[in-house]
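Read through the structure below, which is laid out as structure tokens, and then see the notes.
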Amino acid sequence: MLDTLVFVTVLLPFLVAAVLLVLREQNVRKVILVATAGVLALASLAMLRGGAFIMSPAPLYDTLITLGDFVILFVVLFVGIKRKNQIIIWLSVAQIIGLIILDFFMVKEHGNIPAFFADDLSLVMVLIISIVGSLIAVYGIGYMKEHEEHLHLTKSKQPQFFFFIVLFLGAMNGLVLANNLLWMYFFWECTTLCSFMLIGHDDTEIARKNAERALWMNVLGGTAFLFGIILLQKVVGTLSLQEILARGPEFAVAGGAILVPMFLLVFAGMTKAAQAPFQSWLTGAMVAPTPVSALLHSSTMVKAGVYIIVRLAPVYAGTYFSNFVALFGAFVFLATACLAAGQSNGKKILAYSTISNLALIIACAGINTPAAITAAILLILFHAISKALMFLCVGAIEQKIGSRDIEDMRGLFAVMPRTALVAIIGIMTMMLPPFGMLMAKWMAIESAHGQFLLMIMLALGSGVTVLFWCRWAGLMLGTPVAKAKPEAQDITVRAPLYILAGLALVVSFFSPVVYNSLVAPVVKMYYKAAPYALPYGNFDSPVGIFLVYPLFLLLGLGFYFALKQARKVTAAQCSQPYMCGEQQTVDGKPGFLGPLGLHVPVQSGNYYLEQFFGETMLSKWINVIALAVLVIMLFGGAL
Amino acid sequence: MITKIILAILALVAAPLLGALITGVDRRITAWLQSRYGPPILQPIYDVLKLLGKEPMVTNTWQALCAYVYIVGAALSVVLLFTGSDLLLIFFVLTVGAVFLVMGALASPSPYSQIGGQRELLQMLAYEPLLILVFAAIAMVTGSFKVSAVFEQTRPLLYDLPLMYIVLGYALTIKLRKSPFDISASAHAHQELVRGVYTEYSGPFLAMIEIAHWYEVILVLGLCALFWSTSVVGMVVLVAVTYLAEIIVDNVTARLTWRFMLKSAVGMGLVLTLVNMLWLYAQ
């Protein structure tokens with residue numbers, strides 16, 4: 001049974017991807033994709049039911065993985081040579097040499113380390129990848145159809161596209177289930193390659209440029225990862241993640257020798273999670289078709305980065321290094337939230353908000369208390385759902401109105417009421433109680449309690465976060481009273497939107513259950529204590545209390561009452577807005593009656609506070625500071 | 001449990017009435033400062049009763065929803081404060097109301113409503129970090145974010161956190177939109193702003209917003225009262241002095257720009273917080 005489940009979640013996507021690559025029949029592709037999505041989702045749920053496990057597949061696979069490693073590295077090297085990118089060339093050469101040393105000279109007995117192991121953290125990750133990721137893949141069917149019609153392609157590029165999308169899911173599942181770090185390294189490089197291919201999918205000049213940037217930054221991370229595990233092999237003498245987690249703390253306390261490999265691995269995680277100064281690869285990735293952005297931002301890629309950081313947190317708990325990780329995370333959280341506030345491009349707002357939330361997760365890993373790790377895991381979960389939802393909404397909106405600028409989404413409710421409402425649900429679940437994201441943020445802030453510098457950055461950052469979400473939600477509502485006609489949408493687009501919106505609400509409602517059955521056990525395993533008691537399903541600790549069900553009940557009732565009151569408003573009770581001028585309404589849109597009887601439509605725009613949040617000005621400083629913190633982290637923390 | 005429910009009901013019913021009275025007194029004192037006679041103390045209640053009797057009019061149905069969610073958020077945060085819940089949680093619930101108020105304002109194309117909404121966001125941006133810092137400082141002293149932990153203290157928080165009380169006062173002036181920070185909406189219509197965020201609300205919906213404001217006044221004064229949690233007399237005196245100071249500041253200052261508000265709130269807030277924290281460490 002277990003073998004089958006691991007096979008389905010990890011290997012099946014690789015096989016399906018291969019089929020999709022050669023298949024050109026659209027309808028069959030659709031069926032295969034939906035079926036794979038369903039199978040993956042079910043398998044991940046079944047795996048969750050089974051609980052923790054350790055597994056070693058046949059030794060043959062070890063050889064295959066090694067072979068795969070070299071294949072990927074040579075492909076990357078080839079890309080580097082073709083693009084004449086010196087960084088990519090030399091970094092991949094360094095990796096090839098490193099891997100030869102590690103594989104053939106350092107690791108003596110291949111195959112005596114279990115390849116896979118899963119605890120609740122891995123299982124939660126598999127769940128996110130297999131359900132949220134699959135939904136995005138399904139959304140891709142409808143989206144890519146319209147996307148290619150729009151581009152007037154003579155030959156569909158969808159086979160490649162879905163090849164890499166589905167491959168990505170398998171690689172991510174492999175990554176989070178891997179116990180042998182060599183295996184993890186293979187999957188790590190797989191995701192790098194997949195993201196490179198997907199970002200460059202549209203093959204425009206900007207797509208090629210941004211894909212190349214994503215590649216060199218992630219290859220840098222990959223190099224750090226490889227040298228990290230080489231050093232780990234030297235210090236601990238094993239590449240078994242389980243054993244490192246069990247024995248790591250001894251090394252961390254003893255002399256700090258383990259902190260250099262830890263730094264390298266955490267650094268690799270930071271590049272993959274697009275933390276400053278590497279944020280530009282993720283903001284550049286938005287040139288790709290929307291399903292790619294959704295996938296990179298929510299359930300895969302960047303989540304691999306934070307996964308490794310949270311995964312290794314118990315090893316470096318209680319060290320100076322950990323404090324620096326927390327500081328770094330809190331700083332990037334604040335800085336990228338400011339960058340998001342200065343943007344009017346919807347996808348860019350989402351991109352910076354992703355980086356900001358990932359930074360918060362990293363800060364939690366750095367704070368490294370049971371409560372903080374709980375916050376980190378819950379943030380990973382809730383962020384994946386809500387952010388996937390937001391990206392899919394922006395994708396659908398963009399295809400309809402031809403713009404991703406939030407200024408163009410004014411009054412969107414009149415044009416696409418359903419998508420607008422789903423997007424507003426997405427925004428609410430990102431920033432307001434009683435939803436999961438906010439609850440996890442509450443945990444994060446309370447666990448930073450006592451560390452004032454962290455606290456200041458988290459406080460400022462969450463203020464800025466509310467600013468950019470709130471105005472986006474507000475301006476979509478700005479419509480005249482006339483009843484909006486529901487928009488037509490492909491079922492493969494609509495279903496994922498509805499399912500994700502439903503998940504965002506329902507999973508938040510069951511957050512005490514999620515905590516009790518998935519998060520508390522793993523935190524207890526590594527930290528010997530669970531941070532919260534759950535009286536009546538409320539999160540209670542000596543430091544604070546979060547009322548889940550009372551809030552859901554009261555706010556829910558209040559909202560229902562408010563909705564009923566709003567429904568009572570009749571068309572006769574609707575009036576024109578106050579414009580302080582002679583008013584004229586044309587096509588239901590208010591405006592002024594100008595000189596010579598000309599109609600002057602009303603126009604308004606958001607404050608983007610360029611002087612505080614301007615991207616070009618801020619980015620420079622953010623990169624310098626982030627780099628400085630990283631250097632201090634290496635020399636002050638690790639050595 | 002029973003006491004909590006009683007407290008919750010008390011908060012729901014008594015808080016707005018008390019808030020109305022305080023607003024009435026505010027108007028009388030303001031009138032006195034301006035050498036006017038001023039309205040009766042109960043005038044705010046008369047106003048709201050009159051508004052409730054008017055026919056509902058909106059420019060957009062979402063506004064009705066937003067007005068009601070605003071009052072739900074405000075009322076719920078007062079209930080949470082009275083039942084001794086978590087300070088940060090109270091803050092987040094308060095944000096729900098604030099967010100919906102802004103969304104309602106942004107839902108109307110009126111330029112005044114739009115600019116009010118944008119400015120209200122800036123007000124939030126200014127006071128939110130300050131409030132979180134104040135709560136974090138309280139948690140530094142009591143070891144917990146729970147309101148109930150404050151009441152277990154043996155000496156008033158004001159001794160340990162005098163500067164944080166100033167930060168709180170600054171944040172509250174912004175939150176209550178008192179001059180010089182009546183940037184997003186003013187108590188009375190001003191020509192450059194009309195009534196900012198409130199411009200498009202009228203009749204019963206405006207009444208809801210007024211009542212929500214009363215809840216917020218009580219919440220704000222309740223937070224001030226936490227700084228002298230050891231005696232009831234102390235609480236009343238502290239709150240009375242603070243509110244009087246607010247009224248005087250409100251009357252002697254003119255509206256400032258949002259740039260000044262943001263810079264001063266962040267700058268002053270951070271400096272005072274750091275000094276207070278250093279002092280706390282030194283003790």
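Yeah, the Cβs are placed from backbone N, Cα and C, and that goes for glycine too.
Annotation comment: TrEMBL describes B:62-82 (among others) as transmembrane segment.
As annotated by TrEMBL, transmembrane segment applies to B:87-106 (among others). Counting same-chain residues at least six beyond the ends of the transmembrane segment (B:87-106), those with a Cβ under 8 angstroms from any Cβ of the stretch are 62-63, 65-67, 69-74, 76-77, 80-81, 113-114, 116-118, 120-121, 124, 128, 131-132, 135, 138-139, 145-147, 196-201, 209, 212, 216, 219.
Residues or ranges marked as transmembrane segment in TrEMBL: B:126-145 (among others). Sequence-distant contacts of the transmembrane segment (B:126-145), counting only residues of its own chain at least 6 positions beyond either end whose CB sits under 8 Å from a CB of the stretch, comprise 86-89, 91, 95, 152-153, 157, 160-161, 164, 167-168, 170-172, 174-175, 181, 223, 226, 261-262, 265-266, 269-270, 273, 276-277, 280.
Beyond its flanks by at least six residues, the transmembrane segment (B:157-174) meets 123, 126-127, 130-131, 133-134, 137-138, 141-142, 150, 180-181, 220, 223-224, 226-229, 238, 242, 245-246, 249-250, 261, 265, 268-269, 272-273, 275-276, 279-280, 283 of its own chain at Cβ-Cβ distances under 8 Å. Annotation source TrEMBL lists transmembrane segment at B:157-174 (among others).
Annotated transmembrane segment per TrEMBL: B:217-244 (among others), in sequence order.
The transmembrane segment annotation in TrEMBL covers B:265-282 (among others). Only residues 6 or more beyond the boundaries of the transmembrane segment (B:265-282), in the same chain, are considered here, and those with a CB under 8 A from a CB of the stretch are 126-127, 129-130, 133, 137, 140-141, 160-164, 166-167, 170-171, 174.
Outside the transmembrane segment (B:217-244), and at least 6 residues removed from its termini, the chain residues within Cβ reach (under 8 Å) are 15-16, 18-19, 22-23, 26, 29, 74, 77-78, 81-82, 90, 94, 134, 138, 147, 150-151, 153-158, 161, 165, 168-169, 172, 175-176.
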